Structures are given as C-alpha cells and as structure tokens.
C-alpha cells in the first residue's frame, strides 16, 4: 500500500491535523503534518487508540437482502407474481482470550465424558453377548438329548415292524404265487388288446405331430392344456360347491399329500401382485387330483391365452351413404388410427369424427382387405314409389323430338314454321335460351318438340333434352357445315342411344352445299342412308318452308320403327324440362309426362320438392285438367323450384311425399358436406398459394333454372390461375333484399338475367353502392365478366431498348470511378435508366446509369450521333469497344382470352 502523509490521513478520517499529530505523539510516534505514515504506523496508532478508549467491538453484524419473484397459480387458471424478499443476518463475535480458554476447557471435558460413556457401553455389550452364548449352548444340549430319545424310540418301532413284515411276507408269497398264475393267463389275453391300442395310439400321435408341424409353420403356438379331471358340481350354489370340494379332498386326501404338503405349506411373499386367490388354489388343486404322486401340470394362471391369428380376418362391412371414420374402424374391428393412415396413403386427410361419403369408405375398406356391402338408406322412398297405381295396357304414344344443332343454324325458325307461329322473334338476341317444349298436331299425328339452345353455355340443357327424347333432329346449316355444337349434339344423341334425323337447313341459299355437309357428318359416324348408313338427310328451308312435310314424314316413319308405347291410365311419371320462380304464381315447373295421366290435384314428388298440382297450363298458356304421355305442361303448387332433369312422380300420400323430400334434402346435404370436407394431398399446395389469386365474386339470379346452370358453368370456366370467378349465390327469381345484402357482405357483383330487383333490394343497392347489372343475352354477360377479370390481372412487364452507345475511350474520375467516353449510335441515352454492358455481344453487367455528361455538363438525355460520358453505377470494368444498351420497362395490360 502506498504511504500517505499525516495531512492526507487526517482528511480521510475527517479529523484535524493537530489532533492526529498529538495522537501519533501519544502512541510514541513523533510526526509532523508533512511526514508520511506507513501501514505499520497506522496499525500501531489504532492499537493505542483501542487501549486508550476501550476495547474494540466484540461482534460484527452483516445484513444481506435477496429479492426474487414467485409465480403462484390463482383462480381461473391465471397465475400471479409475488415479490419475495429474503433477509439474512450474520453476526461475527470476537472472543475474549480468557473466554476462549474457558470454552476450550469445557469442550475437552465433554469429549472425555463421551469417550468414557462409549467405553462403558462396549463393556456392557460384550457381557450381554457372553450371557446369550451360554443360554444358546444350554438350549442346544437340551434339544440334542430330546432328539436322541426320539431316535431310540423310532429304532425300537422299526425292529418290531420288521418282524411283523416278515410274518406277513410269507403269507403273501403263497398268495402272490396263485395270483401270478391267474395274472399270466390274463396278461396274455390283454397283450393282444394292448397291441391294438398301441397301434391306434401311434396313429393318433402321428396325426397330432403332423398337425403341430402345420401349426408351427403357420405361426400358431399350441397352448398347453390341463386335463380337467374335476367332478361336475351337482348344485350351482357357491357355498355348496366349496363344501362339496372340501368333502372330496378329505376322501382323496391320501393321494399325493406327502409330496404336495411342503409346496402348499410355503407362505407366499408379501405384496406379490400375482399371488393366487383362494378360488384359484382350489381350482388348481382339484385339477391335479388324479395325477401320479399328486403332481399336476398345467398352464400358469394369469397367462394370456389369446393368440394372434396367422391370417387377417376379412369381414363383411355394411356401409351406408355416409359414415364417420370411427364407425368405419369399429365395423372393420381395427383402430381408428389405422383407417386414417390408410386414407392418407390414398391421398385423403381425415379425422376420427369426420363424415366421409360412401365411395371413399368403400375404397378404404377394400384397400384394407374387407368385403363391402353398400346399403341404400331409402326404404321409405322405395315404399312410396312402389305404392303406385299404374295401368297394365300400353298404348301407342306420340314421339318426343328434340331439335339440336349449332347456334344460329335455324332450329327455332324451323320449329316456328312447323307451328306456324313467330317464336324466334320473342327470344332475346334471336337465340334460344330455354328449353321450349311444344306439342304439334299434324295431319299425320301428334309430335312433341323440345327446342334446345345451341349456344356453348347450354351443354347441360342439351344433354337433358337428349335424355328425355325419342328422336333427335340435328339441324345443320347447308352454308356453314359442321360446327362445335353440332359435334356435341351428335355425342349427346349417341350417349342417349337416340336415332338421328339430319335436317340440312338454309338449302335455299346459293352457297348451300349438301355434299359437304354429308362428308363432314360422316367423319363423326353419321352416315346417310344412300351411303349405306341409318341417318335420314332431309333438305329443308325454314324460311321458304321447303321440305318441312318430308321432315315430318321422316320423323313419324322413325317413330313407327321404334314402336313407341306408354301406359296411358294410372298415376303419371315424367321429367322436369325447365323450372323457374314466378313472382305471382310461385315455383313453376315444365314437365314432360312419360307415362300415365297427370291430373289437376295430384300429389307429386319432384326431387327435393313436393306438392299438389294446383293448376296446369299447356305451352300456349291455356288451362288444362289433365296431360297424357308425351304432353308437356307447366304445373303450379310445388314447395320449391325443382332442379331441371328431376323425376316427377305422382304418389298417394302427401305426408309421405313430404318425408321423402325432406329425407332427400338431408341426405344431399350430408353427401355434399362429406365431399367438401375431403381434402386431398394434391390440393394442399394449391391452398398454400390461394392468397395470391384474385377473385371475382358474383351473385347470380335468372328467370329459369337452366339459365342459372348454364351461366354458372360458363363463368366458372373463365377462371384462370390468377383470377377466379366465385359464384357466391345463385337462384331463380327476382333480385331480393337478401341477395343484395349477400352481395354487399361478400363484395360481389349482382347479375340479373331476365330478372329485376324489387324495391327493398334497390334501397340496399343504392345505400351500399353495389354493382348491379341486367342482361338478356348471355354473350354480353360473359364478355363483361371477362372485362372485369382482365382489370384484375397484373400487367405484363416488357423491356424496350431505347438507345445504344459505343465506348470509344475510358477516363478515370475520382468521384465516379471509370467514365466511359461513348458515341450514341442508336436511339437516345437517358439518365437513371437501367442499362446493360455488352462485350462481344454478350451481356456482362446489368445495372443503372449513374452519371451522364456532355462537355462536363450534367444532361438528362443525349441524342443519336452525339458524344457523351457515361458513369455506370457500381461498375468500373468498362473497356474500349464495349456497347452500353439503355432500355426501359413498360407495362402491357393483359386480357382474358
């Protein structure tokens, strides 16, 4: 430690210099104010002051605080923090020398006393051990004397028993000789029987060995089985059975008791989990009664006797229309995790409580090796449908003819001429957008016509028309030939196995070519009769009326060949051709009766809907009371708008019809939800990028069900990878307040096709500023949705070269580095544009033009044929002969094709 002066020390201990000098003098150390003080001198001064002012403190107390936080769980599952402070106090006591000597003496005396007590305890223990050894020796001598006396008595008993045995042995020898003679004769007789038994036993053993080898080969371990020799109990009472067993043991107690006594007398270990109960011991003892010497052999108690089958058990699994994963696992007697694992292998994700459809459950069950029995849960529906009164007599009926073909080929005009009415002029845009059902009385008989739309959007309508028809009239324009919807109509007719009659329309035009139409149709399997085929080709003109009679005769001739018949009397059945919601009349369905007679007041079941026929009208709007086979009518009175294509059936009971309709609705909902929940692995990556896709939401309302279906399909087909059309809601009828609210909530476009919004809906549309559009032609609707989708597409970026400069020289600049002295050879060079540096026509750098100067002046643009200095940002390896290409990025708006 560095020495300090007296003055400094006085300042440290906060006392005066004179007082400190006086204290040093009293301690025998003469000092002045400027003299230095050593550590030894400080210690001497401190000792002097302690002696003078009294002793130093006897004890020193140290205090320490520690703070921490403890989380204590509280009510409601929440925890609260509690601040904890731990205070520790430690006291150090300075012992007086005399006191220390006194304490040391006390400790020494205590140690000596403990040693003395330990020595006395050892002596006492030694004395007790000697006394115990003496007692044990005396007891051993007493036991030896007693054992010797017992052995002497046993020896005497043994000698007497031997004498008695010798006397009885002589008598028994004579008796045994006589018995041996009789036994010899008996042995010879039994030997033959034993030989036969041994042969039988050898054969049985060989069979058992062979079966054991087969079981071992199949992986089945035989379980040792004990031979149950116990008697059957006469009574079922438990106490009576125990008493009966006790009596049996007393009677047969001599058998094997000596050998089993030691085993049964052993005490069981305390706490043994597998200790046998009393009933188990009784059962085991009873099972071993007849054994030799009391020995019994058997499988240990508590051993699992179930063995895993060598082969999987195949079960008959009955599956309804929907089933949960857990129920399917129970039916197959496997764990639910195994079913989920099997579904993941098939590419479907599911949980234990998820509802899956019948097809998925069938695939999973068959994959796991079980036989599937599909059950249709429609007993009520079958009972209602079977309880129908249909007449047995079938009568000839009128043919149902569907007119199909490409758009604008003259289908409706042809039918218009046949009916002698102006139907085509009433269609919006001059194209058919519904299925028109008409029956026409001709001189040769009645014909029912179905006029289908030819536009590409109405594929499902044409398919329904082909399914409900007997004959298809394919209209082909002689000047236009085969078109896409013509090919589609041929495919629908072939799928429905319906004969074709080809009407070559517009034959009066100068550019009409009949042979061209025949050649083109022959490529799709429609061969004319004159070429050896089956199709009739009739040249007609819907405008001039040429060939119309020939077409009708061809239709009736084809109908005669088909021999069309139907049951006229009885409960009717048919199909829904079209359906819509009329504001005044409610749900309206156009029904084509196939068989039976539909009467006003009949109870009908139609898909998910039911009701009583309140009124019927024909295609002219006239009220009718009944409709026979092949007659199209409009019916009123259904509970809702049915789907086009649904079966219409007349039933007896309205209550049962309602139950069937509700059952169909619930089942359809279950199946729909089950299919929606199915999440396949291949869709997982599509869902990951779903946020990057723009969506055009549409709420669609139309006048008829077929138009809703056609427009929905057309709009969904417009979807691309970047923009998707989503039909938020659709329906038949006018635009209501509910539709407007739905469009506002989902930010959707309201589209009305041949319908209008009511007053309440218009208020919501105005207040929410919704986009409402009315259409009457499907072309315009699709084009405008395409335009809306095009506006959501991200623009395409294109690079356009605006200038090219050749490096003539390179200069060094302290501010920008290498500066290229260039000559502009093409276009213009603009500042802050992206550039490319080309060397030998190869791009070696792509960056930004940082500096552009001409005659030491910064400029924004240099034109063709002028010199300039170019500084490239973050690039200094510019050489003479390089080309600097300047370009700009322009955006090009994309459109939906």
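Note that Cβ sites are derived from N, Cα and C of the backbone, with glycine treated the same way.
Owing to the predicted nature of the structure, the values given are computational and were not obtained by experimental measurement.
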Residues flagged as region 'G3' in Swiss-Prot, choosing from 443-446, 447-450, 451-454: 451-454
Which range of 425-429, 430-434, 435-439 is region 'G2', per Swiss-Prot: 430-434
DSSP helix/strand/coil residue counts for the compositional bias 'Basic and acidic residues' (166-217): 52 helix, 0 strand, 0 coil
Cβ atoms near residue 408 (GTP binding site) (within 10 Å, other residues, all chains): 16
Helix, strand and coil residues within the region 'G4' (505-508) as assigned by DSSP: 0 helix, 1 strand, 3 coil
C-beta crowding around residue 507 (GTP binding site), within 10 angstroms: 22
